Amino acid sequence: MVLFYRAHWRDYKNDQVRIMMNLTTLTHRDALCLNARFTSREEAIHALTQRLAALGKISSTEQFLEEVYRRESLGPTALGEGLAVPHGKTAAVKEAAFAVATLSEPLQWEGVDGPEAVDLVVLLAIPPNEAGTTHMQLLTALTTRLADDEIRARIQSATTPDELLSALDDKGGTQPSASFSNAPTIVCVTACPAGIAHTYMAAEYLEKAGRKLGVNVYVEKQGANGIEGRLTADQLNSATACIFAAEVAIKESERFNGIPALSVPVAEPIRHAEALIQQALTLKRSDETRTVQQDTQPVKSVKTELKQALLSGISFAVPLIVAGGTVLAVAVLLSQIFGLQDLFNEENSWLWMYRKLGGGLLGILMVPVLAAYTAYSLADKPALAPGFAAGLAANMIGSGFLGAVVGGLIAGYLMRWVKNHLRLSSKFNGFLTFYLYPVLGTLGAGSLMLFVVGEPVAWINNSLTAWLNGLSGSNALLLGAILGFMCSFDLGGPVNKAAYAFCLGAMANGVYGPYAIFASVKMVSAFTVTASTMLAPRLFKEFEIETGKSTWLLGLAGITEGAIPMAIEDPLRVIGSFVLGSMVTGAIVGAMNIGLSTPGAGIFSLFLLHDNGAGGVMAAIGWFGAALVGAAISTAILLMWRRHAVKHGNYLTDGVMP
């Protein structure tokens, strides 16, 4: 068996050497910036993105930049030793590739311990559907190679493209994990949202630290290629402790039940691998319990945990809302256009079936799914059945969206408590997982919803629905203005998500006006970026002008994040102008008393609006016209503020003041 594993390792190493020898197939001389000078992180990312786009590796720089900035917001990409590895995984990437910039002057980049100086930037462009391909193997090899101090130093000191490419082609490689007899064993899992850079570099640093400390360290990488280096049963059984270095859910986490675990961000091992291993060795293992002792760093605040749970539940419920709303809307349109009202109401007719299918997704499934996956976010798989039960109870007592949220939180926290306090011998693991957890959780969460908190929540939900239905005049204007402010305040951030959740909650209760407001406002920021850069290009930097060329298309699709690059560059003036115009748009749509029951339809919402007696054409004109009016106001304000800033030297552009 030992000989088999040695032979397997030798074959693996040979494959890795062949892969590393071809790293240059994923880059090009024109994708290398040597001794570059950038004034900001955004400028560096934009410059490298433009180089990849010029090589035909990226179809849409805007979509790619949006994804890169989204990844930047999730966690640090500066990895120490002067290295930053920003990356984006999106359909805008035609072919996996990377670009490199060595900097003449270090940039401040967000790292594990706060901002740090960076003089080497490697930008990875990752397509979403290339897992397991040679391209992805090359990218994973690259990120592993960046953990090699000698190779990284050669790249940083390269003065010509040939020297840099030669450093990438170096045959140096990583060493296999050494096996130390009578030494403790640490099992690890690394995983990051993109599944490339941090996943493999964190694994490499943990293995290096293990060799240095004389500890058996085995790392399972859950990356873009799926699970690599899967931990064996022997490794898990002999493990003293486990380190989870991840920012996404661990796959098959039940394998680690009973092993004391240390959970940290995926970038943590890159800077503090030895300290993490030493800390993990202090954790105590109990073979008689299945409860994992976790030392979570950093500990999530209740506010953060609640937000993540709600957004997780919503992310699973939205496809049901979109599908159900669209099917129901199509059935209604067919009945109206072709005069099929009788067929629409005739039980068991084909049109009635579609009506019931769409209505069932919205009225029956949506609430239990929302509750179940809100609970799942808090307590993993054991909370699913109790979450579904709590959602079903919410349906039974008519507490709607609000009941789903409350029920999901009850089920999630209840099952977390049960997991932490109900401890049985490991012989009863199956009984605990497949019987006690779902039965106790269902009885507990279901009973609390039906007989304790459900009725008060239903009263609040029904009161809120009645208030929303009764809004008119100044109240509707105020609601529209508030939603407009929230939608454009942070362009897809927490405030925007809070408005989105409110609108979905209202929609689930049969109130469609708030989402009509939200959908119209989403176009304002995108239209403003395009209009302002077209009308006065000299007031904007080159990357802002490039962004503006296609942002309007993202606006038609209902995507606000396309305006983020401009907002990051000049937040006060840009966000301020977006918000003012969006408040006007929201107020106009709110006053029109129109509704929208299909989220995510973008410009096609024009055909799905609930006109409430105003007429379909007038509702569509008013809804889209409100977005144009808001964009015009935002554009005028932004140009005025930007012109003043440029004139007084408070903002520097690539052009000359007109």
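Backbone N, Cα and C define each Cβ position, glycine as well.
Since we're looking at a predicted model, the values are computed, not measured.
Topology check against Swiss-Prot: Ala267 and His644 carry distinct topological domain names and occupy opposite sides of the membrane.
Taking Swiss-Prot as the reference, the stretch among 81-101, 501-521 described by the feature transmembrane segment is residues 501-521.
Cβ atoms under 8 Å from those of the transmembrane segment (574-594) belong to residues 471-473, 476-485, 487-491, 513, 516-517, 520-521, 524-525, 528, 563, 566-567, 609-612, 614, 619, 622-623, 625-627, 629-635, 637-638, 641 of the same chain, restricted to positions at least 6 beyond its ends. Long-range contacts of the transmembrane segment (475-495) within the same chain, counting only residues at least 6 positions beyond its ends with a Cβ under 8 Å from a Cβ of the stretch, are 307, 502-503, 513-514, 517-518, 521-522, 524-525, 560-561, 563-564, 567, 575, 578-579, 581-591, 593, 630. Secondary structure at His87 (active site, tele-phosphohistidine intermediate), as computed by DSSP, is strand. With the fewest other C-beta atoms within 10 Å around its C-beta, His87 stands out among the active-site residues His87, Cys192. Under the three-state DSSP scheme, Cys192 (active site, phosphocysteine intermediate) falls in the coil class.
Of the recorded residues, Cys192 (active site, phosphocysteine intermediate) and His87 (active site, tele-phosphohistidine intermediate) place their C-alpha atoms 11 Å from one another. For the topological domain 'Periplasmic' (380-389), same-chain residues at least 6 beyond its ends with a Cβ under 8 Å from one of its own Cβ atoms are 249, 253-254, 368-369, 371-374, 407-408, 411-412, 414-416, 418-419, 433, 437-438, 441-442, 444-446. Applying DSSP to the topological domain 'Cytoplasmic' (496-500) sorts its residues as follows: 5 helix, 0 strand, 0 coil.
For the transmembrane segment (359-379), the list of distant contacts is 305, 308-310, 312-317, 320-321, 323-325, 327-328, 385-388, 390-392, 394-395, 400-401, 403-405, 407-409, 411-413, 415-416, 419, 445, 508, 597: same-chain residues at least six beyond its ends, Cβ to Cβ under 8 Å.
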